[in-house]
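Each remark here refers to the structure printed beneath this line.
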Amino acid sequence: MQTNFLSQQFNAGFLAENPTACPANATICDGTSCVLPDDNFNQTLSVVLSTVLTIMLALVMFSMGCNVELKNFLGHIKRPWGIFVGFLCQFGIMPLTAFLLSLAFNILPIQAVVVLIMGCCPGGTASNVIAYWVDGDMDLSISMTTCSTLLAMGMMPLCLFIYTKMWTDSDAIVLPYNSIGTSLVALVIPVSFGIFVNHKWPSKAKIILKVGSIVGAVLIVVIAVVGGILYRGSWIISPKLWIIGTIFPAAGYILGFFLARIAGLSWHRCRTVSLETGMQNTQLCSTIVQLSFTPEQLELMFTFPLLYSIFQLLFALLILGGYRLYRRHHVKTQTDVEKTEQKEDSNSNAKINGGFVSDEMK
């Protein structure tokens with residue numbers, strides 16, 4: 001312990017005298033930009049937070065399942081037009097957009113690869129929470145997330161093989177099938193319990209849903225903040241990656257919405273497909289990157305998944321805010337519709353009964 005203390009004192013004094021130098025334990029150094037290995041405290045904090053966030057995410061997905069009607073969910077599986085449109089967006093639009101953006105900005109090969117990995121990832125579970133808040137089709141949202149995660153086991157290797165050939169050998173990219181499987185289990189099991197609760201106790205399911213939707217909104221923000229704290233890199237990311245990280249999720253939202261509309265889906269399903277397209281599983285992308293590349297390569301690419309997650313969240317919040325404003329000023333609430341129908345019924349009864357309107361109808 002005394003040796004460690006003296007070492008820390010020496011490092012602190014050395015850095016004070018040499019502000020441009022990197023710490024002795026830095027794994028990557030480039031001038032003043034250093035990547036430090038995680039200390040024991042940071043590793044412990046990461047494990048604790050990962051455990052807590054996993055439990056919270058399972059509870060949120062359980063609550064989202066409480067808004068899924070088993071009959072409607074099975075209907076999407078039996079008549080999977082919406083799921084098919086989502087599939088085209090997820091594994092057609094997103095990898096192609098990533099490829100075109102990489103070409104257009106002429107980024108380094110290793111940076112193009114991380115952009116493509118992000119484009120080939122399945123949809124993230126955060127899309128289910130946002131879909132609920134924009135009155136999307138929750139049955140479609142859950143089924144799309146489930147199917148895209150399942151299909152990712154085959155579609156990710158295929159898309160990466162097609163699009164990364166000009167930059168790297170696709171065999172160099174390690175796909176963590178165990179992480180994909182874990183994501184699938186973490187999604188399917190709590191959602192299944194939620195569907196069961198909604199089927200058996202619909203009144204209790206509504207209460208669980210309201211609580212879970214609020215917790216889910218908080219969880220999305222917490223994950224973004226925690227990710228920013230735990231990614232201890234002080235290097236400056238390439239401006240081109242900043243631009244791509246901004247454009248990419250916005251393009252996913254817009255293209256997903258228009259493709260769904262062209263396919264003839266209803267407005268609330270278009271919003272759902274849009275969110276499922278733009279919101280990617282950034283945690284899976286980070287895992288793939290860490291498993292596949294050296295520390296020197298990570299210096300150029302590691303923060304892109306975090307960058308994408310920040311902007312996909314910002315644009316999702318803008319979509320949510322815009323929709324809420326539109327709904328407040330242009331869309332009748334369910335209560336307004338019921339009152340209008342009730343008034344029309346009372347007027348028709350009045351005509352039939354010679355102008356008499358009962359007190360209950362006034």
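Placed from the backbone N, Cα and C atoms, the Cβ positions cover glycine too.
Here TrEMBL flags 45-63 (among others) as transmembrane segment.
Marked as transmembrane segment by TrEMBL: 83-105 (among others).
As annotated by TrEMBL, transmembrane segment applies to 112-134 (among others). Sequence-distant neighbours of the transmembrane segment (112-134) (same chain, 6+ residues past either end, Cβ-Cβ under 8 Å): 57, 60-61, 64, 67, 86, 90-91, 94-99, 101-102, 141-142, 144-145, 148-149, 151-152, 155-156, 159-160, 163-164, 167-168, 173, 180, 183, 187, 209, 213, 216-217, 219-220, 223, 241, 244, 248, 271-272, 275-285, 288-289, 301, 304-305, 308, 313, 316, 319-320, 323.
Annotation source TrEMBL lists transmembrane segment at 140-163 (among others).
Among the features that TrEMBL reports, transmembrane segment is placed at 175-195 (among others). Through the fold, the transmembrane segment (175-195) approaches residues 54, 57-59, 61-68, 70, 73, 122, 125, 142, 145-146, 149-150, 152-153, 156-157, 160, 205, 208, 281, 284, 287-288, 291 of its own chain, all at least 6 residues removed from its boundaries and within a Cβ separation under 8 Å.
According to TrEMBL, the transmembrane segment annotation covers 207-229 (among others).
Among residues of the same chain six or more beyond the transmembrane segment (241-263), those with a C-beta under 8 A of the stretch's C-beta atoms are 81-82, 85-86, 88-89, 93-94, 97-98, 101-102, 105, 107, 111, 115, 118-119, 269-280, 304, 307-308, 310-312, 315-316, 319. Annotated transmembrane segment per TrEMBL: 241-263 (among others), in sequence order.
According to TrEMBL, the transmembrane segment annotation covers 306-326 (among others).
Residues annotated as region 'Disordered' in TrEMBL: 336-362.
If you look up TrEMBL, you'll see 336-346 marked as compositional bias 'Basic and acidic residues'.
Counting only same-chain residues 6+ beyond the ends of the transmembrane segment (140-163), those with a CB under 8 A from a CB of the stretch are 64-65, 68, 73, 76-77, 82-83, 86-87, 90-91, 95-96, 98-99, 116-117, 119-125, 127-128, 131-132, 170, 173, 175, 177, 180-181, 183-184, 187-188, 191, 269, 272-273, 275-276, 281.
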